[in-house]
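Trainee: Annotated domain 'Phosphomannose isomerase type I catalytic' per TrEMBL: 8-149, in sequence order. The Zn(2+) binding site feature in TrEMBL is assigned to Gln102, His104, Glu133, His257. According to TrEMBL, the active site annotation covers Arg276. Summarising the annotation, TrEMBL assigns domain 'Mannose-6-phosphate isomerase cupin' to 315-388.
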Amino acid sequence: MNPRVFYPLHNTIKHYPWGSKQAFSTLFAISDTDGQPQAEIWMGAHPSGCSVVEQPNGTQLPLSELINQEPETTLGLRVSQQFGELPFLLKVLAAQSALSLQVHPEKTYAEQGFLREQQMASGDYHDGNHKPELVYALTPFMAMNGFRPYDDIIHHFELLDAPEIKHALADFKAQRDESGLQHFFIALMQLETAQRSAALARLEEKNNTGVFPQITPYLKKLIQDYPGDIGLLSPLLLHCITLDPGEAMFLWPGTLHAYIQGVAVEVMANSDNVLRAGLTAKKINLPELVRCTHFHSRPENTLTMKPVQEGHFLSYPVPVEDFRFTLSKTNDSVPVMLESVQIILVMSGHAMLSHANGETLNLVAGQSAFIPASTGEYVLSHQGEVCLVSA
């Protein structure tokens, strides 16, 4: 049986409470048969949600097994030698409610944590990999990404003027650096129940009177989704950003962040590690999260990414080797040269993939395909927007 050059993917849909009941149906005509929120579509070979490929004889096979059968053929020699597996995971995320306030660990911490996980089964680590992420908005996408400048954080908490936080804020004002912010963050997260309730009541009161005009929509949404959660203070700590459709941002491992509302394509290293601090009913491990978090501030003008034109394609340069993210928006036929394995996703419209051996594959919005490195070159004909993810 000759291998295919294009493998249609059947992908796992994750049902989480924060997901949407309409987004995937509206954008991709994916029916919601059981009425559960549809939160994420996973495209990749991670064991927590491995895609399935169609073989030429019509049978189906987990993508991970296809890769393991011939890693050099499917991944390409370089990727096979460097990673030994598909190094990226592609998702579409649809958030109706906010996701947890979270951090993804760097690779060193992930390796250490996964080793402990195998010995102690703490539930914190699913693999030994880091998880840098690129997020590309399909609809207006509200998020928080990284700490504000220290003076900006102090200003917001001075406006809050909560007596319960007064001493911790004074300590941070006296030590405006990473260590000072770390201690301030821990103090906030560990407020006693009565102190927490009083501080959050103060926050809601101040927000209702227009004290925080730039972040009011973020606070309103979080208060609606997670009343009484200490994570409601996070917009005072973190950059609040709304990506317009077609805008993208990058998140380093160790970055405290949360996605609040909207639909986006996510591409990341092949990992499912999440450490949570708030905005969740799931397990919180504050000491481990603090250990893995970078407490430096990032300039706001570095949050969004600028694409680079590369021939017919728009490329989004990322500072990691696990993945590359490229877009095609031209309603035309363009040649695609593969340097390694690729997953293609049609984000809108439709596409046809054509190979010199005569094999073709038609895809519509929401459909994707796995393209082995051995495919070499093919022609992409499409109307709409298509993303190509490779390593």
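From the backbone N, Cα and C atoms, a Cβ is placed for every residue, glycine too.
In the displayed structure, how are the listed features positioned relative to their neighbours?
Mentor: With a 10 A radius on its CB, Gln102 (Zn(2+) binding site) counts 23 other CB atoms from all the protein chains.
In this structure, Arg276 (active site) is part of a beta strand by DSSP. Over all protein chains present, the Cβ of Arg276 (active site) has 22 other Cβ atoms lying within 10 Å.
For the domain 'Mannose-6-phosphate isomerase cupin' (315-388), the model's average pLDDT works out to 96.
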Trainee: Arg276 (active site) to His257 (Zn(2+) binding site): how many Å between their Cα atoms?
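Mentor: Per the Cα atoms, Arg276 (active site) and His257 (Zn(2+) binding site) stand 10 Å apart.
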Trainee: Which ones in the same chain are close to His257 (Zn(2+) binding site), with CB under 8 Å and 6+ residues apart in sequence?
Mentor: Leu101, Gln102, Val103, Ala143, Met144, Asn145, Gly146, Leu238, Leu251
Trainee: To test your reading of the Zn(2+) site: which residues beyond Gln102, His104, Glu133, His257, same chain only, put their Cβ within 8 Å of the Cβ centroid of those residues?
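Mentor: After dropping the recorded site residues, what remains is Val103, Lys131, Leu251, Pro253, Thr255, Leu256, Val274.
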Trainee: Tally of helix, strand and coil residues over the domain 'Phosphomannose isomerase type I catalytic' (8-149) according to DSSP?
Mentor: 38 helix, 42 strand, 62 coil
Trainee: I want to verify one value. Collapsing DSSP to three states, which class is His257 (Zn(2+) binding site)?
Mentor: strand
